[in-house]
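Engineer: According to Swiss-Prot, the active site, proton acceptor annotation covers 658, on the basis of sequence analysis. The feature ATP binding site is assigned by Swiss-Prot to 540, 541, 542, 543, 544, 545, 546, 547, 548, 562, with sequence analysis given as support. Taken from Swiss-Prot, the feature disulfide bond covers 296-308, 302-316, 376-398, 384-386, and the record attributes it to similarity to another entry. Among the features that Swiss-Prot reports, domain 'Bulb-type lectin' is placed at 29-158, with the record citing sequence analysis. The domain 'EGF-like' annotation in Swiss-Prot covers 292-328. The annotation domain 'PAN' is assigned in Swiss-Prot to 342-424 on the grounds of sequence analysis. Annotation comment: Swiss-Prot describes 534-817 as domain 'Protein kinase'. The feature signal peptide is assigned by Swiss-Prot to 1-28. As annotated by Swiss-Prot, topological domain 'Extracellular' applies to 29-472.
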């Protein structure tokens, strides 16, 4: 072979090798072919654009060196200023890095977003991507994956973030959740409620309540119909928001109704739903419809303990005895100047401050009718958990408050008055009591632009920056091609790869801003967890899914580290599933802090819960912790709230499949926290939770449909919850009464029939004989009867007759009044 030809072939091989190291980058077009990628280094040019030019899709810089993969309106005033109007994001709360991140339509047909280290941050939901040929950005703003016949296999319209676009269906499975500037999900949800009514919901761990339609009016007065279970809505091209729950064909109509206007329906971080219309001449946006015309009616606007009032503009203030937690972010609300706890509570050192024409909506411990002001006061002051009470003059209605959320003032004609409980040592001035006064001459404006701001460090670059830009990898390829012989090229290639395969711990530790953004959920190296657990020295427990060890992280957080066993998923799928679980946050669910996926190691890092499992306390012989009635009822309620959140509220609904006392942990205040949720997916024993067939749960807690091989739904958790209720009441493990699965089911059927017969009568003396002999008296027999009745309904053979966990929560709350 002639030398020039050999040199040319050698150069071509070298270039091919280097180019093969990186995914194919797609240029600006509406189609992403199978096997192609959009790469973050070329984010300004490597985009998809709808055929009519209205929408673009690609990497959007949310912070320095931090990107989301998003869809945006192409021609707007904001886009020209590089502040694009985002209508959908794959990873709104988990940005990827500015180097080596890519969105790839893989050869198997799935679309995956990977971070700089190759970790899958997001992937398209679905199980069947057979025959996929391309991804396409449609003129509607819908990003779709299509097969060879042009059929849609997946679409972004099915998983909206904070915006609905015209022609996009609003269904029972879709919801809007705003993203704050700190890239965390907001506290508001727009979705169909369980009454099939399109609703705005304020949702935080302590409370979840609807504020639109107006909860103080009945639905019919608001033009809504709760008797249509269709749950279907849509924003039309003309600016009409129609929904199946709107009575008599009503609809919400834009002020500029008509065709030819570009629109978007967005749930903003302040909790208001707004319809925006674009001005074609300059690309600016204007509000053409708003759900909440009075901002103070938005629940939680001023955060916990805060009060919204008009002076005359909407303003947030703290009540007497409270101070602003973060002046730049009112969603954090107010904190008590003097914090009182139940272990040091002395009602003689407490007093009440009257806040006229004021209310904290919801969070009532109970509702009492026709009682005196003194009686209402005595009820609250005798309860260390009561923060204050609302009292209505004339009707004698009394509402003791467990929490102080959604505070607001009303016109002077309103009869609602809050009596705030404060230590006697806290001084109070009448000038500090918030009031709505349209004649106030010095209004303190509610700065909506600062409502959700959180100062964050910019993301630092993981590489040392020099003259290289987004084409740095091609630069190395050409240098190697022209200056390095074949033998030295091989050595350089190995160095090139290994240099960048840094250990995860080294990469994370070197990036303070990046680590800060992902500190709520991050990846740990195996070496970090070996150190944290002191080589897995202290075992906390073990089960079918793995062994749990106690550990302490470098930031002194105490954690539980679980070594998962029998994980057969690939690394990318495991990390993608965990990215969903890591976003789940509820006060009755154990918080997942992170994971390790290194080689064959699969570990979960979660918060350490001090008092261990309910099983240890409930069933251990000679235990030194005895649960009183109040504690047991609170555990039943807390577990119900946690399961209701998994089934109905979190962004991706989760079936636990193994609810039992071992998976219910108790913190220092004996508040229950459910653990091991989401492990059905992680352990890959049956695939999707919509079609689980191999996970069998634990003997004594498994629902009949497991045995019948029926499709598994959330009702399996309801059944297991019913068994847990029986064990809470009796203090005895059901499975120990008999042996074998069939015998347990047979015994439970007899027990359910016996309890059902007892519940038909008015007699209550039999309840004492059924309850745990170790139970400290007194017992609230109304609550006991409610728990027994709920357990019986949860243990129905026919799963369609079992209640939902949301219904269970409401049942228990009504008994708690």
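For all residues, glycine too, the Cβ spot is worked out from N, Cα and C.
Could you place the listed features in the three-dimensional structure?
Structural biologist: In the three-state DSSP reading, residue 658 (active site, proton acceptor) counts as coil.
Taking the Cβ of residue 548 (ATP binding site) as reference, residues of its chain lying under 8 Å away and at least six apart in sequence are, in sequence order, 539, 540, 541, 542, 560, 561, 562, 563.
Counted within 10 Å of its Cβ, the other Cβ atoms near residue 308 (disulfide bond) come to 26, all protein chains included.
Taken residue by residue with DSSP, residue 302 (disulfide bond) is part of neither helix nor strand, so it is coil. The Cβ of residue 302 (disulfide bond) has 308, 316, 317, 330, 333, 334, 407 as same-chain neighbours under 8 Å, each 6 or more residues away in sequence.
The number of other CB atoms found within 10 A of the CB of residue 398 (disulfide bond), across every protein chain shown, is 24. In the three-state DSSP classification, residue 398 (disulfide bond) falls within a strand.
For residue 384 (disulfide bond), the same-chain residues 6+ apart in sequence whose C-beta sits under 8 angstroms from its C-beta are 340, 341, 342, 345, 347. According to DSSP, residue 384 (disulfide bond) sits in a coil region rather than a helix or strand.
Residue counts for the domain 'Bulb-type lectin' (29-158) by DSSP state, with H, G and I taken as helix and E and B as strand, are 10 helix, 60 strand, 60 coil.
This prediction places the mean pLDDT of the domain 'EGF-like' (292-328) at 88.
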Engineer: On a count of neighbouring CB atoms within 10 A, which of the recorded positions 296, 540 is highest?
Structural biologist: 296
Engineer: Determine which residues of this chain, when 540, 541, 542, 543, 544, 545, 546, 547, 548, 562 are set aside, have a Cβ within 8 Å of the centroid of the ATP site's Cβ atoms, and list them as they appear in the sequence.
Structural biologist: 563
Engineer: How many other Cβ atoms sit within 10 Å of the Cβ of residue 546 (ATP binding site)?
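Structural biologist: Residue 546 (ATP binding site): 21 neighbouring Cβ atoms within 10 Å.
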Engineer: Name the one residue among 544, 546, 658 whose Cα is closest in three-dimensional space to that of residue 296 (disulfide bond); these are the recorded positions.
Structural biologist: 658
Engineer: Roughly how many angstrom lie between the C-alpha atoms of residue 376 (disulfide bond) and residue 546 (ATP binding site)?
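Structural biologist: Approximately 51 Å lies between the Cα of residue 376 (disulfide bond) and that of residue 546 (ATP binding site).
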Engineer: Relative to the Cα of residue 386 (disulfide bond), which of the recorded positions 544, 546, 658 has the closest Cα?
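Structural biologist: Closest by Cα: 658.
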Engineer: Would you identify which of the recorded positions 544, 658 has the most other C-beta atoms lying within 10 angstroms of its C-beta?
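Structural biologist: Buried the deepest by this measure is 658.
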Engineer: Suppose we draw a 10 Å sphere around the Cβ of residue 542 (ATP binding site). How many other Cβ atoms does it contain, all chains included?
Structural biologist: 13
Engineer: How big is the gap, in Å, between the Cα of residue 544 (ATP binding site) and that of residue 398 (disulfide bond), rounded to a whole number?
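Structural biologist: Pair distance, Cα basis, whole Å: 49 Å.
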Engineer: Within a 10 Å radius of its Cβ, which of these disulfide-bonded residues (316, 386) has the fewest neighbouring Cβ atoms?
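Structural biologist: Sparsest of the disulfide-bonded residues 316, 386 by Cβ contacts within 10 Å: 386.
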